[in-house]
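Before any comments, here is the structure.
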Amino acid sequence: MINVGIIGFGTVGTGTASILLNNRDILRERTGIDINLRRIADLDIKRDRGIKLPKGILTAKTEELLDDPDIHIVVELIGGTTVAKDVILKAISKGKHVVTANKALLATHGAEIFRAAGKQKVELGFEASVAGGIPIVKVIREGLVANRIRAVYGIINGTTNYILTKMTEEKAEFSEVLKEAQKLGYAEADPTYDIEGIDSAHKLAILASLSYGPRFSIKDVYREGISWISPMDIEFARELGYKLKLLAIAKESDGKVELRVHPTMVPEEYLISKVDGVYNAVYVEGDAVGSTLYYGRGAGDMPTGSAVVSDIADIARNIVTNSVGRISLDPSRKGKSLMKMDDVQSMYYFRFSAIDKPGVLSKISGILGKYNISIVSVIQKGRHEGKAVPLVVLTHRAKEKNVLAALKEINRLSIVAGKSVFIRVEGKEGDR
Ligand code: HSE
């Protein structure tokens, strides 16, 4: 029998406990191991979580769990980067295997935690830290181990995907939809982590570490959120044949790795464009396998619990077959280096607020030309001689550094009213 202790009895803790209790038989059948939920620790042991626990397993003291020599696997579901870090390092130092869903912690202190686990020769499972129920960690580490990963990108935050989907369907403003999402429980009271792309950036740092090594951290990820997106840009994107998504992108180009999270226009015929609402999807391109796509729920008690329990089952199998450490967690392996955001190349969508009079377009296109930015198409909306109208420009691939310099110059023109908007565009050149 393998004994499990859960620390943190919140949403994911409850889902994990209920799967361990209700699916104990199926887990036993599949793994040949009896996986027993022995202890759950949480500061709040009073609140009814709607789940019937065996008597006496709930405790308010984490030590009761960490000091129990019969517990093999400790599941950290507290979240955050302080107490959770202490708990994990303590569990590791006591020789316990650890499972965590904590992306913020791994994206911030991953190297230290993986090193500690390696030293103690214990397992560290983190399937639930990225894209909830989608087994993407296993895909990259095992299923696609034969491949050089060309690109990993996806929609890995359900909250922002829900908001962008609603803004698209209802042509609604960001702030309105955010309020509705908060009412429905899809967004937190303080939505900063989600809407500013921080949650996606945490998850991307983990995916990139798996795909490209060494351990990338949140600091390596360029990040923009979605709070500034206007329904007008979503509508122009639609007219041009694109959907607007918050993409987390890790890509190898010129031997370096680009890591970025930002609103992105994706060709509407791409499968990932059809991933709506709170759903997540991750695209992985390998040199041998080609394009692959994984879709599912990225959050919630049961989907995330499903990922946590899959790690528990893997570790239990490794314990009983004496193959702990089967998959290396070495954080010091030499990996690819990071590409500076300035050097990243992308296609771009620009929306200028330009005065409607002769010669304006040539002035703008002159500056773009000077910076080697080539135009694919232009749309001008409305006709208001002498007044500002939206002027939309789509470009071929250009360098970020050149785009920023060109926009600075364009924003200074007297014929441009207000700051110009730019959104990066994904898709292969020539795809449309
Ligand atoms: N708010 C996050 C999401 C939770 O929607 O994806 C899971 O990380």
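Just so it is clear, glycine is given a Cβ too, placed from its N, Cα and C backbone atoms.
Feature annotations, courtesy of TrEMBL:
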type	residues	note
BINDING	Ile7, Gly8, Phe9, Gly10, Thr11, Val12, Gly13, Thr14	NADP(+) binding site
BINDING	Lys103	NADPH binding site
BINDING	Glu188	L-homoserine binding site
ACT_SITE	Lys203	active site, proton donor
DOMAIN	349-424	domain 'ACT'
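Everything TrEMBL records as a feature, shown here on the structure.
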residue: Ile7; record: NADP(+) binding site; Cβ contacts under 8 Å, 6 or more apart: Ile40, Ala41, Asp42, Thr62, Leu65, Val74, Val75, Glu76, Leu77, Ile78, Val87
residue: Gly8; record: NADP(+) binding site; Cβ contacts under 8 Å, 6 or more apart: Ala41, Asp42, Val75, Glu76, Leu77, Ile78, Gly79, Ala84
residue: Phe9; record: NADP(+) binding site; Cβ contacts under 8 Å, 6 or more apart: Ala17, Ile40, Ala41, Asp42, Asp44, Ile45, Arg49, Leu58, Leu77
residue: Gly10; record: NADP(+) binding site; Cβ contacts under 8 Å, 6 or more apart: Asp42, Leu77, Gly79
residue: Thr11; record: NADP(+) binding site; Cβ contacts under 8 Å, 6 or more apart: Gly300, Asp301, Thr304
residue: Val12; record: NADP(+) binding site; Cβ contacts under 8 Å, 6 or more apart: Leu77, Ala101, Ala128, Asp301, Thr304, Gly305, Val308
residue: Gly13; record: NADP(+) binding site; Cβ contacts under 8 Å, 6 or more apart: Ile6, Ile40, Asp42, Val75, Leu77
residue: Thr14; record: NADP(+) binding site; Cβ contacts under 8 Å, 6 or more apart: Arg49, Gly50, Ile51, Asp301, Gly305
residue: Lys103; record: NADPH binding site; Cβ contacts under 8 Å, 6 or more apart: Ser129, Val130, Asp199, His202, Lys203, Ile206
residue: Glu188; record: L-homoserine binding site; Cβ contacts under 8 Å, 6 or more apart: Thr159, Gln182, Asp194
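Note: the domain 'ACT' (349-424) comprises 23 helix, 30 strand, 23 coil (DSSP; helix = H, G, I, strand = E, B). Close to the recorded NADP(+) site, the chain also has Ile6, Gly15, Thr16, Ala17, Asp42, Leu77, Ile78: residues not among Ile7, Gly8, Phe9, Gly10, Thr11, Val12, Gly13, Thr14 whose Cβ is within 8 Å of the site's Cβ mean position.
For Lys203 (active site, proton donor), the number of other Cβ atoms no farther than 10 Å from its own Cβ, over all displayed protein chains, is 29.
Under the DSSP three-state reduction, Ile7 (NADP(+) binding site) is assigned to strand. In the three-state DSSP assignment, the secondary structure recorded for the residue listed as 'active site, proton donor' is helix.
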